Amino acid sequence: MKILESVMNQVIKRNPNEPEFHQAVKEVLESIEPVAERNPQWLEAGIFDRIVEPERQVFFRVSWVDDCGKIQVNRGYRIQFNSAIGPYKGGIRLHPSVNASILKFLGFEQIFKNSLTGLPIGGGKGGSDFDPKGKSDGEVMRFCQSFMTELQRHIGENTDIPAGDIGTGAREIGYMYGQYKRLRNDFTGVLTGKGLTWGGSLVRTEATGYGLCYFMAEALKTKGKSFNGATVIVSGSGNVAIYATEKVHQLGGKVVALSDSEGYIYDPDGIKLETIKRIKEVDRKRISEYIKYHPNTKYTKNSSGIWTIKCDIALPCATQNELDENSAKTLVSNGCYAVGEGANMPSTPKAIDIFLKNKIIFGPAKAANAGGVATSALEMAQNSMRYSWTFEEVDSKLKDIMINIYKSASAAAIEYDHENNLVVGANIAGFLKVADAMYAQGVTS
Ligand code: NDP
């Protein structure tokens, strides 16, 4: 990095001890350096200095009462990163690891991802260090109500529209929406991922996983390959992983492994998705339960071991930095020819280098997993119209959006002399639209 090095240095100085945020910013700044060279007017207007600083950050106390009557205290966050092209939009993560660094990295990535969808949505992210795992429904409800009691001051259907993410599924969105409505006396599309009987969109549940496969199918097609007949590994076993697996199977591929944070299962005959849905979506249990239903399969403790299984295509769908340099080397030496990121930033920078050097078809998260937020924007559109599209209508719009994202990332990569590098292509294509809007709107913040 040359021109933008001072921007990076300022980010490190202003946000000490935030490695995930630094990692996400560095990747984008490195990619958009040639854009800075071609657009001195954006340098002069401070676009690069401004885009790395969130417009607004809210940190707040979330107190709630557990089932034993004890007071619990968590910290809530909302990072409103950029509203140049639309209201802030991004999920709410509930996980004990949540901190400012993780939410800033996610909020920053969200700016470019949302821009890539072609829909009018800005970037944001939020969450809490609350862990829904092992909590009763009553405890989760009391936490969500307390969380929304503060968050409702900062969001709105034209201001900031949160959605789900790790730990925030249909149950949590329901409790949060109920509390928003109670406090504001307003039935609006302020959250996405809502239930189908109260404003939700068909396909939203499946959207990130399905969208990932639509994106990768397009990328594979350009290299004369497809999911049909391919052996696939998917990490995680949450929302993204489950629906990526479902779509891979529909497209004729075979997913042979899934994981959670404790270990992975290997089923050489192909994962039985109905069993996974029962374990994860109904019983909320560990993935190790799978071998009780299918005794001829194997469970191994240590989730990162999943990358040692031989496969054609790998879809990391669990969490950030879950796939490191060694795992990338193992995948490549085992003959894997495509990697699509369902999770946000699941591959470390060194792992990405290995994929690119070995000419692996690599779908970076901000392009490949944009189907979730794109369908959230379609949910917003339906809420505004007071109308619902059919499953087929939403699914076909999602597919078109994912194909378009692939085409714009691929075209930007070619235009900036990085053919086949979708990391650079996605960062540039996402950035151009936001920079243009920020420039047009003047120095407003
Ligand atoms: P969920 O909470 O539904 O699932 C997360 C899954 O990942 C769980 O199975 C969890 O296991 C597992 N996991 C967590 N850490 C690890 C680890 N170190 N190794 C292996 N597995 C692990 O979340 P989502 O599926 O919604 O989100 C997954 C990823 O996709 C995140 O990066 C998220 O930001 C991203 N994403 C999600 C979107 C969405 O629409 N939901 C949209 C775009 C991106 P355990 O139960 O043990 O914790």
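In case you wondered, yes, glycine gets a Cβ from its N, Cα and C as well.
TrEMBL lists Lys89, Gln110, Lys113, Gly164 as binding substrate, and of Ser333, Ser347, Ser376 the one it places in that same site is Ser376. Checking the recorded positions Lys89, Asp165, Thr208, Asn239 for a CB within less than 6 Å of any atom of ligand 1 leaves Asp165, Thr208, Asn239, listed in sequence order. Cα to Cα, Ser376 (substrate binding site) and Asp165 (site 'Important for catalysis') are separated by 12 Å. Using a 10 Å Cα-Cα cut-off from Asp165 (site 'Important for catalysis'), the binding-site residues that qualify among Lys89, Gln110, Asn239 are Asn239. Cβ crowding, taken as the number of other Cβ atoms within 10 Å, peaks at Lys125 among the recorded positions Lys89, Lys113, Lys125.
A Cα-Cα distance of 19 Å separates Lys89 (substrate binding site) from Asn239 (NAD(+) binding site).
Distance between Cα atoms for Thr208 (NAD(+) binding site) and Lys113 (substrate binding site): 12 Å, as a whole number.
Other than Lys89, Gln110, Lys113, Gly164, Ser376, the residues of this chain whose Cβ falls within 8 Å of the Cβ centroid of the substrate site are, in sequence order, Gly90, Gly91, Asn114, Ile121, Gly124, Lys125, Ala163, Thr192, Gly372, Val373.
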